[in-house]
Every structure is written in structure tokens, then in C-alpha cells.
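Novice: According to Swiss-Prot, the protein carries these features:
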- Asp8, His10, Asp41, His197: Mn(2+) 1 binding site (BINDING)
- Asp41, Asn79, His114, His195: Mn(2+) 2 binding site (BINDING)
- Asn79, Arg80, Asp122, Ser160, Gln167, His195: substrate binding site (BINDING)
Amino acid sequence: MATFFISDLHLGTGKTEIQLRAIEFLSQEAPYGDALYILGDLFDYWIGDDAPTAEGLAIITALRRLADVGVTLHFLSGNRDFLVGQVFSQASGCQILSDPAIIDLYGVPTLLMHGDTLCTDDVAYQRARARLRRPAILRTYLALPKSWRRAVAQRLRRQSQAHVQHQPLTIMDVNQTAVETALRIHGVKQLIHGHTHRPAVHHFTVDGHPRQRIVLGDWDRGKSALSCTPEGFHFSDSRILEPRFGNLQG
């Protein structure tokens, strides 16, 4: 019995090593679990379910095989793949989750997010995020030819990379007040998210009660996967010095 969590693989053209790591994980490790949660940015960009890349099709096939052996799959979109939809869901076997989502993780209420909405200090990003997700903007974009959509996505990706390079690290990280507010609003003990590419386990208190925030890592330099059993967590990431820790109780 185990539940897996991954995020921020950013699969796409020219990322053969990451693609191979992902396929290996999905075919050799994940089948031993009961559930897999993908918390966004599985793909570097996703321009619509009608235009999957070769890399995307390979991952969809691997996910479907995992679903067919009985593993429950969940997908919560990130800032790079928020156009993943029902066609992807049906093909891969993934259930689409809203952001945020709350699950019962072996008796512990746990909040799942991609994590970008917690980076409230990056005002420019939050404004751009809200603008890009307007229904009218999405309808217009999805009506464009695939080649145009791909060009727009690549341009936005370049702009995002340039934005990140010119921002202080503190602005690009989550805001602690936003984290604590999310935990209060949803009445949960712990939070699991990705987005920042800073894998870590943070312990703190909210209103005098212990709380836990687990940050999933990117896959650029190796696998980053979190697993949880009734006995606790194991964080498979070379950047985590103490990979085993408890599922927060109380």
C-alpha cells in the first residue's frame, strides 16, 4: 500500500533523459502503489488535447498501462499544462483534479496544489496567470491553428524563463502567509505542492498546531518522487538529506 506524488517533469522535445526516467518510474516503481498524484507541469507546455506531442503520447501510453494494472491516477494541472482536458483524461486514465484539492492521506487531511498560486509576492506572474486563464482568452487560443498555438506557447515559455532569471529567489518562492492561509481555509494539517523546484520538507505551526509543507522537486537532475504509506513518507530525491519522515498526526 503506497501513494505516490510527482510534479514538474516538464517533458518535451529534447528532454530524452527525463522522458526515460519518467517511463522507468511509471513502469517499474509506480505499479507497486495504489495511487499516483501528478501535481502539475508534467509537460513543458500543452497546447490542447487535440495536439499531443510524441513525448506526450508516450507518457499517455505509460499512464494508461499503469491505470490498467489497477493504480488510481490523478492529474492536477500546473502553469505549463493547464490546457490538459478530458481527452487526455480518457486516454491516460487520469482523473482531473481541481487546484486546490483535499485528500485523506491515510487518515491525515492533506491539501494538494501545484503551488504557483502560493507565490503571491510575484505580482507580475499572478496577473499574467489570471489573464491567460480567462475563458475568452482560452477559447480564442484553442481556435487557432496548431502551429500558431505551438508558437505562442514557445514564446510564453521563453518569456517565463526570462522573467525567472531576473527575479530575486525570495519572490519566486511561496509566501508563508499564503501557505498558512490556505491551511486555515481548508482545515488541513499538511500541504504537498510543486512548482518552485525546491524539494524540501518544512515544519512550522499555525495557531499553535504543528503543520507540514512538502515541496516536490523537478526531474532535471534525477528522479524526484514522494511516496506515502500508513507508516510515513519516503522522499526519493538526491537533494533530500533525511528522506524518511512522518505523516503529520494531531
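Glycine is no exception: its Cβ is also placed from the backbone N, Cα and C atoms.
Fair warning: this is a prediction, and the values are worked out from it, not measured in the lab.
Describe the structural context of each listed feature in the structure shown, including burial, neighbouring residues and relevant distances.
Specialist: Around the Cβ of Asp8 (Mn(2+) 1 binding site), 24 further Cβ atoms fall within 10 Å across all displayed protein chains.
With a 10 A radius on its CB, Asp41 (Mn(2+) 1 binding site) counts 27 other CB atoms from all the protein chains.
Taken residue by residue with DSSP, Arg80 (substrate binding site) is part of neither helix nor strand, so it is coil.
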Novice: Let me know the DSSP-derived helix, strand or coil state of Ser160 (substrate binding site), please.
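Specialist: Helix, per DSSP.
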Novice: Anything within 10 Å of His10 (Mn(2+) 1 binding site)? Look among the binding-site residues Arg80, His114, Ser160, comparing CA atoms, and list what you find.
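Specialist: So the list reads Arg80.
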Novice: Within 10 Å of Asp8 (Mn(2+) 1 binding site) by C-alpha distance: pick out those among the binding-site residues Arg80, His114, Asp122, Ser160, His195, and say none if nothing qualifies.
Specialist: Arg80, His114, His195
Novice: In sequence order, which residues at least six apart in the same chain have a CB under 8 Å from the CB of Arg80 (substrate binding site)?
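Specialist: Spatial neighbours, sequence-distant, of Arg80 (substrate binding site): His10, Gly40, Asp41, Phe43, Asp44, Tyr45, Trp46, Arg157.
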Novice: Just checking, which of His10, His114, His195 (binding-site residues) has the fewest C-beta atoms within 10 Å of its C-beta?
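Specialist: Minimum Cβ neighbour count within 10 Å, taken over the binding-site residues His10, His114, His195, occurs at His10.
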